[in-house]
Amino acid sequence: MDFSDVPVRRASHKVDKAARSSRSGSPVATTSALPPADGTDPFGTQALPPSASGSGSGFKNSLRSGARRQRTNSSSSRTMERLFIPPNYENNHLVTSPVSSRHGNVPIQRLVSNASITSGYGRESITSSSLLSRFEDSAALAAAASQDTTPLRRYVRYMARERKGTRDLMIIGIVAAGWVRWAVGTSGWSGKGVGPKFGDFEAQRHWIELTSHLPYDQWYFYDLQYWGLDYPPLSGWLSLWCGQLASYFPALEPGFALYTSRGAEAQPLPSFMRLTVLLCDSLVYFPAVLFFLSRRLKGSGRGTRTRSISQLSVIFQPALILIDHGHFQYNNVMLGLSAAAFALLSTNLPNPDGPGFGYNIANKRSSVSAATVPEATSNTSVKSVKRRLTNLSRRLSYDYVLAAILFSMSLGFKQMALYYAPAVFAIMLGRCWGLAAHVGFDRGLALFSGLAIFTTLTFVIMFHPWLTSPEQFLQVIHRIFPLARGIFEDKVANIWCFLSVLPVVPRPLRPKELFSVQALARLSMVTTVLVIIPGCVQLFWAGAETVRVEMEVDEVQQRKGKALLNGLDGQTKPHFAASIKAPSSYDGASVMGAVLQTPIKTPRHRGSMSTTSATPMKHSSTNNANPGNRSLLPQQPKQQASICPSPAARILPYALLSTSMAFFLFGFQVHEKSILLPLLPLTLLMCAKGDSWGGGEAKIDWEWAVLGNNVATFSLWPLLKKDGVGLQYALMLFFWNWVIGHRPFSELLAGRQTFVGWFGGLVHVAMVGLHLLEIGLPHILSQSSLEKLLARYPDLFPVLNVILCTPVFGLIWLWALKRQLEVGFAVGLGTFGLLSGGGGEGVSAGHRGTKDVSRLSPTPITTSIPTPKVHRAPPVTPAS
């Protein structure tokens, strides 16, 4: 039965204009309990437009009043505040849930019925019992979304209410991030006033000095005892460019004079150096991370607000700001180039209706007739399919080649980017393998050759001044990889330092006592390779499987397009799978919206959603008075990629995190600042607090990311304290956690605790306790007792820092491996991608469509897709 014209009576104390509009016969939107289409909209639905109520301003005010009432309720049992009951239908409940949309918190109406729900496009039998669990999940999502709002969320909502676009929002955010960086830069820096070698600030200044005055062949030979250049050539090129920029300002000339400028710290030199780091942020780091997050979150169907919150959370990351703008370095260039490469590797499944992928059914809907259908369907010949597949593989191959160039530049800037190299190599090689296996050997070989050629050319261009003789080249390699420095520097929170300072490990059994430097280098290399193999093997297979899924999505679209066209002339009835898996709340849309991308709006209400998809529906009819005379042909869709991330893109951030963290924990020659490398993919996993995307997995990722960032910043405390950046350290940690809404101690008092919340709360208690102990110990002990204690244990607090942080980093590494395997199973890769042909049983060509598309779902949420009905106008009898 159809309730679209049933008068609606509100069961609360006051009737608003929306209810009066419904009582007058205006249609009521019916939507499905499908995964969200927006990160801040748990139900994935859209707000009723002003036209639905008859009064735009009044309706908007009523919605805002409802939103204000809803924000006072944090319990999930009170999220469904207003109940509408259609008269004479006691078994049907139309529930209104205030959720977040682009217009703010608005009530969204939802129909749950024991009877059949009839839309304008067919009948779908949905019972309240079958939707009970899904309805409860929706209530939980609404409760999560209505949690205490964070300052960042309030800012984004305010900008939305003021009708400010994403561009204005991000411009203000980037300006604020630049101001915060400049404020941190007003502190001290590494080695300030501490001769004779000072610190990293002097090293960077000295490299600008030598590159500006010496020829290339002396860069890696000049005065190696005083901050000899030990980074790859692109770092030297950046120093040269900074020197050329400084040459335009005469006041800076004494600060970069050859030899006589050593130890220079007078203004305006520090301000100029700080400005160069800020320029690198603006030109490299900001665009790269925003590009990655936009590609990842928008590709997954996330909303504008969620993307904005995630982007602002990342650009205010405290650890990188404190190291680059406090301690002073240029890590932002390496991390920015790497993030840009990761973004290009994060591909979505293709939209076959897009440009270059064959004909578009929607483009032909005005000219399709019974006479032209056979000709239209014949266009999908073998030749057309091959051309479409070739275009697809070629376009994505270009992305991979450009990613290889950017990642090579990252390696050419700082050798620590090697932490990411195994994962990047695995996904690229996997795609080459997949193209060779599923498209053609020539396509796989072409991509492999392209990657090899452009990577080699990139390194040749960067190293060309030192390729004139073996001596020059070997000197560069020796300076970049100095094995004589030892397995770690200072007190770094990795396994080797942890075992060397752990009190329960006897001194003769500590690594530095048991092995020589060369033996430790070999041991660390073997250990690192062993622990990264599982993740890299799965990522390799994910790259290969991505190619196969891309090809099969194209075949599914082609087959369904034929069905729609054939249905117009009565040859065949349009057929869709009766039961397929929806692509999970992680992807945020149904299979229909994710793969087909056919936006259509309902005839009764343009703002409602289809009962079978999170994609808006639109009808096409020449006779609106006759609801049966409607066409199923979709309106011309927006030419875009599918909102389904590829299997490789789904697991790539976790693989990068597990690989880089393994290098940090088990690698050779690790510095405490190296924690910035695993922090990049970990931070890029952040979305928004309380985000229930993917059945709550996005919320767990967010909590692990915040914990990792806070512990990583704490692990840098001994270095930052030495540099005089203590005040900035405390303010940045407090500011960042406050802005994103993280309250680390709340989980210890909560009734229902997650492991990461409980564990993170204890870790934060320990961190605060160590800081209080360090501050209070001089006031507790007498001067003589304190001197004796520090004489016996000179590195007492750095050692306690290592003992606390190393287990946390180890647990994050294990969690990253676990999440990578879970997501791999969800997309059908099997155990490391090695079972059942890489994630599934063999599927025949005739059944490949529904089975393989369902494998894209990381969460087994099953929904029934109705069989669409094609309504045809009665034949017109020609007049005699």
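All positions are counted from 1 along the displayed chain.
Glycine too: its Cβ is placed from the backbone N, Cα and C atoms.
Just so you know, TrEMBL annotations never went through curation; they're auto-generated.
Since we're looking at a predicted model, the values are computed, not measured.
What TrEMBL annotates here:
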REGION    1-85  region 'Disordered'
COMPBIAS  21-33  compositional bias 'Polar residues'
TRANSMEM  169-189  transmembrane segment
TRANSMEM  272-293  transmembrane segment
TRANSMEM  396-413  transmembrane segment
TRANSMEM  419-438  transmembrane segment
TRANSMEM  445-467  transmembrane segment
TRANSMEM  519-541  transmembrane segment
REGION    602-639  region 'Disordered'
COMPBIAS  608-639  compositional bias 'Polar residues'
TRANSMEM  651-670  transmembrane segment
TRANSMEM  726-743  transmembrane segment
TRANSMEM  755-776  transmembrane segment
TRANSMEM  796-816  transmembrane segment
REGION    843-880  region 'Disordered'
COMPBIAS  857-868  compositional bias 'Low complexity'
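Remark: the transmembrane segment (272-293) makes no contact with the transmembrane segment (396-413), by the rule of 3 or more CB pairs under 8 A. Long-range neighbours of the transmembrane segment (396-413) within the same chain, counting only residues 6 or more positions beyond its ends whose Cβ lies under 8 Å from a Cβ of the stretch, are 231-235, 238, 330, 333-335, 337-338, 340-342, 344-345, 347, 420-421, 424, 428, 431, 435, 443, 446-447, 450-451, 454-455, 458-459, 462-463, 550. Here the transmembrane segment (445-467) sits apart from the transmembrane segment (519-541); fewer than 3 CB pairs are under 8 Å, leaving out pairs fewer than 6 apart in sequence. Contact between the transmembrane segment (796-816) and the transmembrane segment (726-743) is absent: fewer than three CB pairs lie under 8 Å, with pairs separated by 6 or more positions in sequence. Listed by sequence, the residues of this chain that lie at least six past the ends of the transmembrane segment (651-670) yet keep a Cβ under 8 A from its Cβ atoms are 296, 342, 345-346, 418-420, 422-423, 426-427, 482-483, 485-489, 492, 494-496, 520-521, 524-525, 527-528, 531-532, 535-536, 538-539, 542, 677-678, 680-682, 684-685, 806, 809-810, 812-813, 816-817, 819-820, 823-824, 827, 829.
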